């Protein structure tokens, strides 16, 4: 007796089950799920895979997303503990790792998260040897380096989410101060995603008008308008939000989705993301820090060479030292 | 009086710059114009001649305070409320989003986290407060506040716990947004939809329970999985009580206008060899399953609520299965809320679609109505 499906549908073509725009999210904590929902709402993937060790939570999250299928256009959502589920991904977003506790700096998480990467990365590469990887777990600059080493992939394909979020926060706060949408306030934060990040005050502008020409003290301690506070708020905001709600999720999810869009659609937009900066600004070690990068289907295809003034270069080098000091003692 | 005007102008700019120096997470939003004087009309006061960057950069032209269009307020910053928030934000459904919660710490953290994503979205004003004043002039208020269903707890057991919260909440909401539409999400949604209507005193048409919108979405997803077709192309309706007693209207299930019941006369019955009835079983059981596995459900309900919000705010007049007062339909004599297909637009529920139900389906709706009325009668509303 024929089924409803057989009676209803005359099949013409055997379904090609290969996805063309598959994204895997590793880690279904608050950050991973925020990335997932934002990716779904922006229609960036035809298949979304979720991977985690916590099987129950993973299945629950996967089902919850699937049940929303009527409302978005990603027809395949899968999940599993086995990395095979990530096979054939164009892009893998790594959010796995232990989270910052209240008051804990990103750097203190290091060794715990390095060990997690050792168990995660080789399997991902095995199933998606051509993928790009977007690292979100903290401390992101060090972990992007670690993933680069563990994966054996070219540095261009390993992207740390880095200062994309810091710069977004920076532009939001500048926008609040000026009464202008953040998208029209341009400003870059580079270096370490963390306490030693470097705000490029000389580049902060609206409609090409550098704020520094209007206020030469912009960003200094002698600035009566205290613009420096904005950078301080950027650095502290994660700690503050963690204290209030336990973790951050929405802003990082939106920022990661912004990067995903540039990569998968080969937009060649410029983002401050974490990449290998040996050779830039006099840096001699193999470290990863955020600088403005051109993102497209190859990953990071180019770096924009920003002219830093001597003070900014100093701060950038300090950022590099901060990161190298931890990285050099890593065991893996 | 040129110089007096000049000083006045400078004082307004300085004042405005100081006014904007608030900690993140507080109103006002970026739309507040530079020229708003701090204290009353322009007066010639000796102030520093320091010009701010803002004043130097931007020549201000309008001084009108911006009025929100389609403002949405969400009551409750828990998982469901925040899932609604992110869905609404990413769909860009309004120009202002307000969040309310009693848990001030979590509320502030969630608000800051959303605000920090402002670069990536097109909703310029995100505010929050414990005080319902922040919801003033909302077009739509979404109520997600309430205690969470415990593992194994039925929705009906939640009732008494949620009623006390609603009494305080509804009067505050109506005070500040007397013309709003309200979407109720908190469970048990059909009961709380009725409660909201009674407590608010606003017309039934402006009180919308999220009801079976999500059950129907799940139903269509699962039908789609069975047929290898996207949920959007599988039509089917789940009506009545949101929860264990929801009614799958098998006669409504069709693809491209072809009713599946024409292809399988046993569709949805116990005799059906294809066991389509299991699809409905899964609609009922899956929320409990998800709660057991991740502690709560959030993403699907958030997406489904944003879908309702879109119909209401954009006056789309799409038809959704939502909870409304159904006295007089299907022989129901009690004043209860159950889900039926409703046309949703700018005025709220603009119309009801009168679905022809089988006698068995009608009987189930009537039974739900009786059960709900039994509870409502016992409640002190």
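Glycine too: its Cβ is placed from the backbone N, Cα and C atoms.
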> In TrEMBL, the residues B:76, B:77, B:78, B:79, B:80, B:81, B:162, B:185, B:186, B:187 are said to bind NAD(+). Which of B:101, B:131, B:215 is said to bind at that same site?
Replying inline: B:101
>> Using a 10 Å cut-off on Cβ-Cβ distances across all protein chains shown, tell me which of the binding-site residues (B:80, B:185) has the largest neighbour count.
In response: B:185
>> Let's see if you can do this one: DSSP helix, strand and coil counts over the domain 'Lactate/malate dehydrogenase N-terminal' (B:71-209), in that order.
In response: 69 helix, 25 strand, 45 coil
>> If you pair up every Cα among B:76, B:77, B:78, B:79, B:80, B:81, B:101, B:162, B:185, B:186, B:187, the residues annotated as binding NAD(+), what's the maximum separation in angstrom, rounded to an integer?
In response: 17
> On a count of neighbouring CB atoms within 10 A, which of the binding-site residues B:76, B:78 is highest?
Replying inline: B:76
> Of B:76, B:80, B:101, which binding-site residues come within 10 Å of residue B:242 (active site, proton acceptor), going by C-alpha to C-alpha distance?
Replying inline: none
